Amino acid sequence: MLNGSASKPATARKSAGLTGSVRIPGDKSISHRSFMIGGLASGETRITGLLEGEDVINTGRAMQAMGARIRKEGAQWVIEGTGNGALLAPDAPLDFGNAGTGVRLTMGLVGTYDFHSTFIGDASLSKRPMGRVLNPLREMGVQVSASEGDRLPVTLRGPGTPSPIRYRVPMASAQVKSAVLLAGLNTPGVTTVIEPVMTRDHTEKMLQGFGAALSVETDGDGVRTIRLEGRGKLAGQVIDVPGDPSSTAFPLVAALIVPGSDITIVNVLMNPTRTGLILTLQEMGADIEVVNARLAGGEDVADLRVRHSELKGVTVPEDRAPSMIDEYPILAVAACFAEGATVMKGLEELRVKESDRLSAVADGLKLNGVDCDEGEDFLIVRGRPDGKGLGNAADGRVSTHLDHRIAMSFLVLGLASEHAVTIDDAAMIATSFPEFMQLMTGLGAKIELVAE
């Protein structure tokens, strides 16, 4: 359930070939950062293609609460920022709902300010650990008051003068890296982040685009050193947000597993730190054609033509996990229809997502007749290319645990399974992909809400 709203069960059934051309909503990572950095920059920022899911809107509301002016003009969002270093103390707690990215990055953005700011979220977000972001802020001199286990609610109070730090990110996390860099914007001197494993680099690209003095060096081992000069001026920009690769994954995998499908997905973000899923599916034999590749706002963008394919199981390299961590649930669905076993390792990060995503996937697969093994940090799926025996003839419902990606992944599973697949709640899909149901049914997918 979302913000107290009633749950909405949904069912997906075996579908005929999916066809058509679709445009995916804007990338969630870039949308969050557009509101944050646009809200902080001097002058006007204009954004088209913004993802208008609840998570991103909550980030926008938080920026408004700290002095940014945000309005919508037609299809564009227009922001008048406060200027770097000029955020105002919020009058009330900042409520991020289900948005892990929003809350963690905003903690970095405002944590170093010399005022109190309190962060709250929904039941799911309140279970997620915040310590990985709070620890570097503590090193910068921020006073932290948090619930047990460094969970929400969290209250921060910045020092009079924050100290720049040199911080080595202890896990592959774009959120931690970004929080430290955003904290560095209001910190005198040079803030340095060392990243042993490269993660999505939208924060670095966008800060450079807004005029921050930021440099990136990569050594022979692939270790990145990012340096940011604090307290510089940021100037408003015009941003066109490309389609979200994590949302693209759902119609893309659906087309691969439903016989007779041939779809085109236009304007997809193809940043190399985000394309692990596409690479993995191609290794499995997926027919994914990248067309009209181009650069837009410093990011790689392309259209994808996707056709039904006979997939083979693979072992996914562990070092690919950071570039596709959000896509493992839908990759597991693709693996259900592949010949042989698909082995996914290095998945410990999935246990601290919107749900314990690894268990949620494994439990849902078993409920729907899939042969799989779950370990502490791995998942093995043995496929049935014909979909025979998959699904749940007894109307057993997948527990989504308030997790939008679990919900969408299992609805895709039902499109090629012998029996229907039903999930206990589709309401939270609105956090990241409000148009999901309409877009999928428009391609020919048999997905519908269940009348209770």
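Placement of Cβ uses the backbone N, Cα and C atoms for every residue, glycine included.
Matching GLN175, GLN208, GLN237, GLN282 to the phosphoenolpyruvate binding residues that Swiss-Prot gives (LYS28, GLY100, ARG128, ARG357, ARG405) identifies GLN175. Inclusion criterion for the recorded positions GLY100, ARG128, ASP326, ARG357, ARG405: a C-alpha placed within 10 angstroms of the C-alpha of GLN175 (3-phosphoshikimate binding site); this criterion is met by GLY100.
ARG33 (3-phosphoshikimate binding site) and GLY100 (phosphoenolpyruvate binding site) have their C-alpha atoms 13 Å apart, to the nearest angstrom. Other Cβ atoms within 10 Å of the Cβ of GLN175 (3-phosphoshikimate binding site) number 22 in total over all chains. The Cβ of SER173 (3-phosphoshikimate binding site) has ARG132, THR199, GLU349 as same-chain neighbours under 8 Å, each 6 or more residues away in sequence. Among the record's phosphoenolpyruvate binders, LYS28, GLY100, ARG128, GLN175, ARG357, ARG405, no two C-alpha atoms are more than 19 Å apart, and one pair sits at exactly that spread.
LYS353 (3-phosphoshikimate binding site) falls outside any helix or strand according to DSSP and counts as coil. Within the group of binding-site residues (LYS28, ARG33, LYS353, ARG405), the Cβ with the highest number of other Cβ atoms inside 10 Å belongs to ARG405.
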